[in-house]
């Protein structure tokens, strides 16, 4: 016969086993439901990609000289119905991207509750990154005033002041000599061009000097550097688009008979002033495009519910990306070199963090290019919402469409100017100038944000990407190439995340290899362990 203590112990053990079985069965059912849901959503997403890749590339190869992507950099969408359909298509394609992170977060949260009794989610890294938010906002305000008021006032002064150096001649007495620029005008334009180049140099130097002297955290450094690049691109677009306008107005101003009849012969090609209004420039500063125009296609009203939804998704994507980094990458690399590191541990760490790193960068991609830009476009009633494309079937199309906002600027102000300078014969030089400049700017932001030069992104972008563009087909409708591109991107993004994290914590835990400025360029992770 069993004693009461033995019976109570057996009952407790049975209840414990029964509870374990119930938890195991619930986890299995949840996993099967999750896999079925993800597979169904991926099949819908694949069918949508097949439809979009079947339609859009045909339009892009109709122009034998200039593709539709090239024309989009110059002539933006002209009606609201087109942008609304693009906006709706983007929203439909993002259902998987929203559901998939939610499922992952639920799995990790349930695992933490079963193992730890609470969700392992702390904000110490976020608090450290935003510890000097007030100083960051103050520096951003200085950049805004310099790029907005400073650039516009200087350009306005130059555009109107140069008119006083232009001699007014009658159209009856026009000669070849009168068509030449006066020496005083050439000197005046040269001086202001020198000032413009000096302004660019100072605008690049002082923010970098300030964030390094004040030892800004990573996130606030990234904010300042991205805004610095954005303001420079906006300022250059404004100056580049309106300089021919000021010169053309000066030529009309020099013709006495024509200048008296400007209002009578007004057309789209003849400007009515050498400089646009300040309101147009301030709108351009905040609108999500880098191509300056005096007017843009506008929507009829602002959908504030849509704005709040996009901002909420942006915050959710930022927190989920932080959770992925905090849960998977931070524990792996935080104690780098505090314990012995072998080749096996080194490789397994990279492989284990490849998928979380790729998802982290995917959250940044979705949160900024989709949520943030759409929120500002809606608030400013900006009708063109085609900021990116997910359906690239070749590397050349991917480089043009993964960030259409930046590509438009690079094509309009870098590729076309280089194409005019070098000619059709050296088209490859113009193309590589765009790729090289883009890779340098990306590496510039990462190097100054992390505090070391580790050109993983530059090698992948400027060298491996160029080789892939030359080897793989330029234009194809095969959906397999889209799958190959996304697989390569996830592997590449994961490798970037892992290698940059390894180098960051190696510099926290490992001694210097060399002293002086050379330490900035020599990776410590190469000499920090036996590999």
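Just so you know, glycine gets a Cβ as well, placed from its N, Cα and C.
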Per TrEMBL, the range holding transmembrane segment, considering 103-124, 169-190, 191-212, 213-234: 191-212
Annotated range (TrEMBL: transmembrane segment) out of 383-406, 479-502: 479-502
Given ranges 426-446, 510-530, the stretch to which TrEMBL attaches the annotation transmembrane segment: 426-446
Transmembrane segment per TrEMBL - which of 270-294, 345-369: 345-369
TrEMBL annotation of transmembrane segment - which of the ranges 246-265, 306-325 it falls on: 306-325
Recorded stretch that, among 139-160, 191-212, 345-369, 479-502, has the most CB pairs under 8 Å to the transmembrane segment (452-472): 479-502
Cβ contacts under 8 Å made by the transmembrane segment (139-160) with residues that lie 6+ beyond its boundaries: 192, 195-196, 199, 203, 207, 210-211, 223-224, 227-228, 231-232, 234-235, 238-239, 242, 246, 249, 274-275, 278, 281-282, 285
